[in-house]
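Undergrad: So TrEMBL has the following annotated:
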DOMAIN    73-179  domain 'Peptidase S54 rhomboid'
TRANSMEM  41-64  transmembrane segment
TRANSMEM  76-102  transmembrane segment
TRANSMEM  114-133  transmembrane segment
TRANSMEM  140-157  transmembrane segment
TRANSMEM  169-199  transmembrane segment
TRANSMEM  236-252  transmembrane segment
């Protein structure tokens, strides 16, 4: 009585050690994180398998990518082009990593139906625009853009979100700058680092968070407009994702998810 409950070990009854408690808490945290990100992990697996297979077997990319064949009836390529990548192994790793990070963050903020709608509609928007601007190509980055656009607007419409959400959105925008030029990538990285520093300076209390969130939202929308103006396929999906967030808010489809 009054002490820790003993547990049975190989040498008899032994007290539960702090190390074991830490181990159990660690597994509980992993289980909780997986449970919160089920949709993201499912989409990640579906995307990763063909994306990784295309590295040793390039014919996989050729068979599934977006191409003018869509106009000849192979409409399914608009979807299959979201599960292969045209950016080589580096682009593949980057797209899969950001799908995990942006997707898991979005799943903590958005209803899962809105998550899926933003991802699929954003992806299809990018592929359709790509038929005109870049007829041959592939990648799930345009679908991640749909999520990023929805997240950016969610930051300023009163939806509860983890404090690192603006950082995730701006890092994705910074990564997209690589599709423009090296100079743009440097500027995007600097903006992401500045946002991260501002969020960290705010501490757990989130001092200045509304201001940072507004800046990230408007910067993301302006950036998407710029990408669209220069014919970059990543711009329209961000704008479509933002529009879907506004529609969801107007229809009362946002709700507070458990953190």
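Any Cβ shown, glycine's included, is placed from N, Cα and C.
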Undergrad: Where does the mean pLDDT land for the domain 'Peptidase S54 rhomboid' (73-179)?
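TA: Its mean pLDDT is 96.
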Undergrad: Considering only Cβ pairs under 8 Å, which range in 76-102, 114-133, 169-199, 236-252 makes the most contacts with the transmembrane segment (140-157)?
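TA: Between the stretches 76-102, 114-133, 169-199, 236-252, 236-252 has the largest tally.
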Undergrad: Under an 8 Å Cβ to Cβ limit, what residues of the same chain, 6 or more beyond the ends of the transmembrane segment (76-102), are close to it?
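TA: For the transmembrane segment (76-102), the list is 40-41, 43-44, 46-52, 54-55, 60-61, 63-67, 69-70, 123-124, 127-128, 136-144, 147-148, 151, 168-169, 171-172, 175.
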Undergrad: Counting each residue once, how many in the domain 'Peptidase S54 rhomboid' (73-179) are helix, strand and coil under DSSP?
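TA: DSSP classes over the domain 'Peptidase S54 rhomboid' (73-179) add up to 75 helix, 1 strand, 31 coil.
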